[in-house]
Amino acid sequence: MMITLRKLPLAVAVAAGVMSAQAMAVDFHGYARSGIGWTGSGGEQQCFQATGAQSKYRLGNECETYAELKLGQEVWKEGDKSFYFDTNVAYSVNQQNDWESTDPAFREANVQGKNLIEWLPGSTIWAGKRFYQRHDVHMIDFYYWDISGPGAGIENIDLGFGKLSLAATRSTEAGGSYTFSSQNIYDEVKDTANDVFDVRLAGLQTNPDGVLELGVDYGRANTTDGYKLADGASKDGWMFTAEHTQSMLKGYNKFVVQYATDAMTTQGKGQARGSDGSSSFTEELPDGTKINYANKVINNNGNMWRILDHGAISLGDKWDLMYVGMYQNIDWDNNLGTEWWTVGVRPMYKWTPIMSTLLEVGYDNVKSQQTGDRNNQYKITLAQQWQAGDSIWSRPAIRIFATYAKWDEKWGYIKDGDNISRYAAATNSGISTNSRGDSDEWTFGAQMEIWW
């Protein structure tokens, strides 16, 4: 009995140590950027984006503090079978003060189960909110294939010649459907859920060090019983993607071709906007009565083409390079589409394994389908950087920068709009007659960026 009692504290200590080790085995990942900047003509840092373009060249051209904090853990494992719980909370503020309150965005909360289906070894089933197999161009922060959101699916089914993934996700648009009360008045407007069904076949060997990925996305508006879409709403649409990835020069090149129809053209990345894509508006009658109407302007019947080439390569011991070239044409029946092309490079010269100089040059040109006018802008940034490693991808990084931008614009700028409406390619009320005009500006500052 004495021996047992003497062994008990040791057993408790060992058990506590094991449980403590398990409790600490939490994966912590994330992304963050923050800094301070000034504008040459005065005031805080100004950021530059061509009106109608869906992105901007980001080096020395980001005016917010943004962070994504991810916590995850493998909560169960038996042999090659496992369950993993993943979360992600994101924050964004204007970096104007010490105390800047904000509501966090709960972007991910999902469980992934690996090798749970005996006859599909290597596959993963999942459910919840998730960043799902996103494809982007880092230097312009542009996501061209991204169906992230609440959903479920199965991925990486090994077919021998490639891997198949199936998923369904959802995105909701405000004010998308309505119901009648009397006299055909749109009395109540309700958010509309849009469902996307995604099929991908990846890992198709095409040539030495080259692989092909093919994808089909179908999205449709899913209205609540008793509600309907505005007359003529696109309701649904398709997006087709082919992406070839070539490993080269210690990096990669990606060549992408995409085609989308109707509801899949607005965001152009695989998420649908199948209702009218707008909020309601209110009319006040002479007697003071207010009536809510659904906005009947339909903004996305048509098609979109996109051809994109981007990559990151090493040009020797001292030089790395990022680059992008893209052409996109949105042709809408309401004549509010755009033709956008962009080209840019970001070379990096490495003075030491942890210190470098970067130069980013980017040009955007956007033509209005309605007016035929073009907006164009080029932006040049020179940055001195200290980073954790000798790659153009090495982070964390601290950089000081100077940016110069020049633009000549003739359509679509809403001077006092927010970051969305100010750069909207087309709004539900038509294209604004305001313009940024022909001008230029320069900024300077410092920024940190990290991912882990």
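Using N, Cα and C of the backbone, Cβ positions are placed for all residues, glycine too.
Going by Swiss-Prot, these are the annotated features:
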SIGNAL    1-25  signal peptide
SITE      Y31  site 'Greasy slide, important in sugar transport'
SITE      Y66  site 'Greasy slide, important in sugar transport'
SITE      W99  site 'Greasy slide, important in sugar transport'
SITE      Y143  site 'Important in sugar transport'
SITE      Y252  site 'Greasy slide, important in sugar transport'
SITE      W393  site 'Greasy slide, important in sugar transport'
SITE      W451  site 'Greasy slide, important in sugar transport'
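The structure, with features from Swiss-Prot marked on it.
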residue	record	CB count, 10 Å
Y31	site 'Greasy slide, important in sugar transport'	16
Y66	site 'Greasy slide, important in sugar transport'	15
W99	site 'Greasy slide, important in sugar transport'	5
Y143	site 'Important in sugar transport'	19
Y252	site 'Greasy slide, important in sugar transport'	15
W393	site 'Greasy slide, important in sugar transport'	13
W451	site 'Greasy slide, important in sugar transport'	13
Revision key, fill the gap. Whole-Å Cα distance, Y252 (site 'Greasy slide, important in sugar transport') to W99 (site 'Greasy slide, important in sugar transport'), is 41
Check your understanding: Where does W99 (site 'Greasy slide, important in sugar transport') sit in DSSP terms: helix, strand, or coil?
Key -> coil
Point to revise | Cα-Cα distance linking W393 (site 'Greasy slide, important in sugar transport') and Y66 (site 'Greasy slide, important in sugar transport'), given in Å to the nearest integer | key: 18
Point to revise | Using Cα positions only, nearest of the recorded sites to W99 (site 'Greasy slide, important in sugar transport') (Y31, Y143, W393, W451) | key: Y31
**Study point:** Cα distance (Å, whole number) from Y143 (site 'Important in sugar transport') to Y31 (site 'Greasy slide, important in sugar transport')
**Key:** 16
